Amino acid sequence: MLLDEGWLAEARRVPSPHYDCRPDDENPSLLVVHNISLPPGEFGGPWIDALFTGTIDPNAHPYFAGIAHLRVSAHCLIRRDGEIVQYVPFDKRAWHAGVSSYQGRERCNDFSIGIELEGTDTLAYTDAQYQQLAAVTNALITRYPAIANNMTGHCNIAPERKTDPGPSFDWARFRALVTPSSHKEMT
């Protein structure tokens, strides 16, 4: 995987307006794994792109009426077939974590990269998703080495509100695919 000015060369780019600059040009030091499906439990279609670009039609599905007002984004989405979609350059602050805290530090969006996996808490993720997540993570570690020691789920930084990536995410499998490091901590 190649990074070019914060973008993955291999990713389909769908620029989101929902981002801003990190404070004091802070480098990312945390990877947050999420899941998403729109409508819930359904895969494919244009809805995730539409949510992250602020163009989701609230009338297209009853669920969308409750989320159309949100201004949210992630850096990347990895679809079930392994396609990588990038919405925000990694050096910018995507709006994926919300109210959050990691190891006593609040406002995780300031110092994290958010990667969404198309899926649910209870359905197994695909081989292609694990392979692509590991490839992206290894590229990020090369650029932002602190990430090697700081990878977690949305459920761990916002436990009162979030459950993703859920029990269906196999952290041991992911860990085995990421470049070995003797000091890695992933929860």
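Cβ atoms here come from the backbone N, Cα and C positions, even for glycine.
For the domain 'N-acetylmuramoyl-L-alanine amidase' (30-167), DSSP puts the residue distribution at 40 helix, 30 strand, 68 coil. The feature domain 'N-acetylmuramoyl-L-alanine amidase' is assigned by Swiss-Prot to 30-167, with sequence analysis given as support.
Among the features that Swiss-Prot reports, Zn(2+) binding site is placed at H34, H154, D164, with the record citing experimental evidence. Residues within less than 8 Å, Cβ to Cβ, of H154 (Zn(2+) binding site) and separated from it by at least 6 positions along the same chain comprise V32, V33, H34, H96, A97, G114, K162, T163, D164, P165.
Feature annotation from Swiss-Prot assigns active site, proton acceptor to E116.
Counting every protein chain shown, 21 other Cβ atoms lie within 10 Å of the Cβ of K162 (site 'Transition state stabilizer'). What Swiss-Prot lists as site 'Transition state stabilizer' is K162, and the listing cites similarity to another entry.
Sequence-distant neighbours of E116 (active site, proton acceptor) (same chain, 6+ residues apart, CB-CB distance under 8 A): H34, N35, I36, I48, A74, C76, L77, I78, H96.
Other residues of the same chain near the Zn(2+) site, with their Cβ within 8 Å of the Cβ centroid of H34, H154, D164, are V32, V33, N35, I36, G114, E116, G153, C155, K162, T163, P165. In the predicted model, residues of the domain 'N-acetylmuramoyl-L-alanine amidase' (30-167) average a pLDDT of 98.
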